[in-house]
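Taken straight from Swiss-Prot:
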DOMAIN    1-291  domain 'YjeF C-terminal'
BINDING   G96, N150, I151, V152, E153, F154, S155, R156, D224  (6S)-NADPHX binding site
BINDING   194-198, 214-223  ATP binding site
Amino acid sequence: MDHFIKLLPKLTPHLRKGDCGKMGVIGGSLEYTGAPYFAASSASRLGADLIHIFCDPDAAQVIKGYSPDLIVHPGMTANSIIPKLSRMDAIVIGPGLGRNPNIWPLMQELFEFVRNRDVPFVIDGDGLWFVSEHIEKFPRQMSATVLTPNIVEFSRLCKSALGEEDVLNVRNNSQLQHLAAELSRKMNVTIYLKGEVDLVVTPNGEVSKCSTESSLRRCGGQGDVTAGSLGLFLYWAKKNLGDDWTSAHHEAGIASSWLVRTAGRRAFEKHGRSMNTPLLLDEIPKLVRDVETREMKDTVHTDSSKH
């Protein structure tokens with residue numbers, strides 16, 4: 001919770017629209033319309049001011065129907081997306097992206113944009129599949145970037161980058177941590193490995209862990225919530241820490257992990273095996289409010305103790 005409190009921006013009368021975050025989510029295809037919504041909605045409920053979704057035209061009308069809060073842009077070409085990203089404080093690619101081969105050229109131009117702008121960048125879902133398929137073309141100067149694999153996506157990355165063939169059968173957390181550190185060094189990028197214990201590993205070998213109790217349900221969409229919230233936390237961390245990306249990745253990673261795990265646990269306690277990702281999202285506003293209320297009480301107690 002401490003990481004969460006540290007990054008949560010104060011709301012004051014002096015803030016303007018956009019000050020708490022403008023985020024772009026790139027994803028959404030004919031088959032997968034829920035994933036980009038989950039990523040965007042998590043950031044919205046956490047406190048982002050503006051969220052743009054860039055998606056396949058086949059998905060646009062469906063996603064627009066989910067929420068009037070989201071700004072939806074049909075079109076999955078570099079020419080239609082890259083110029084709009086200059087206004088974004090953080091970018092997430094992958095939720096519901098699909099595997100159309102035409103997406104890879106977009107990703108290559110996006111990599112160049114992120115490197116030049118040094119903007120917080122999260123790669124999740126099918127974005128990781130493309131990275132695994134084109135590992136030799138993944139740039140090595142992506143200091144602002146975090147990859148967020150689950151174990152299946154992690155195994156693909158390890159096979160492509162490290163030549164490791166049997167990662168899916170690794171159950172020992174120490175072994176997984178060793179592999180994540182090796183992958184982070186090899187790719188020169190931060191790895192946020194989701195699992196029984198979430199690991200955030202930076203290329204310098206530093207490791208942060210979050211084992212906060214979570215939901216026993218493994219329903220689809222929880223990783224999308226992680227990607228969206230992480231993107232926003234990375235922006236807030238950058239505002240606090242400047243260009244110290246190592247610290248920003250650890251702070252934001254653990255804050256996101258704690259948020260998703262705690263919201264999932266609360267939803268599971270209420271709904272049991274019927275719990276799903278929309279129910280997890282419903283827990284985020286109350287969770288944020290609880291954290292803010294506790295912080296206010298702690299501040300009042302601390303101030304009172306000084307007199």
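The backbone N, Cα and C atoms fix where each Cβ goes, and this holds for glycine too.
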Between R217 (ATP binding site) and I151 ((6S)-NADPHX binding site), the C-alpha gap once rounded to whole angstrom: 16
Neighbourhood of I151 ((6S)-NADPHX binding site), C-beta criterion under 8 angstroms, separation at least six: V167, L168, L193, K194, G195
Spatial neighbour of G96 ((6S)-NADPHX binding site) that is closest, considering only the binding-site residues E196, D198, S215, C219, G223 and their CA atoms: G223
Secondary structure of D198 (ATP binding site) (DSSP, helix/strand/coil): strand
Listed in sequence order, residues with CB under 8 A of S155 ((6S)-NADPHX binding site) and six or more positions away: E164, V167, L168
Intrachain C-beta neighbours of D224 ((6S)-NADPHX binding site), sequence separation six or more, cut-off 8 angstroms: G34, A35, P36, F38, A39, S42, P95, G96, D124, G125, T277
Rounded inter-Cα distance in Å - G223 (ATP binding site), E153 ((6S)-NADPHX binding site): 12
Other CB atoms within 10 A, centred on C219 (ATP binding site): 17
Proximal but sequence-remote residues of the same chain as S215 (ATP binding site) (Cβ under 8 Å, at least 6 apart): Q222, R261, G264, R265, A267, F268, M275, L280
Most distant Cα pair in Å, residues G96, N150, I151, V152, E153, F154, S155, R156, D224 binding (6S)-NADPHX: 20
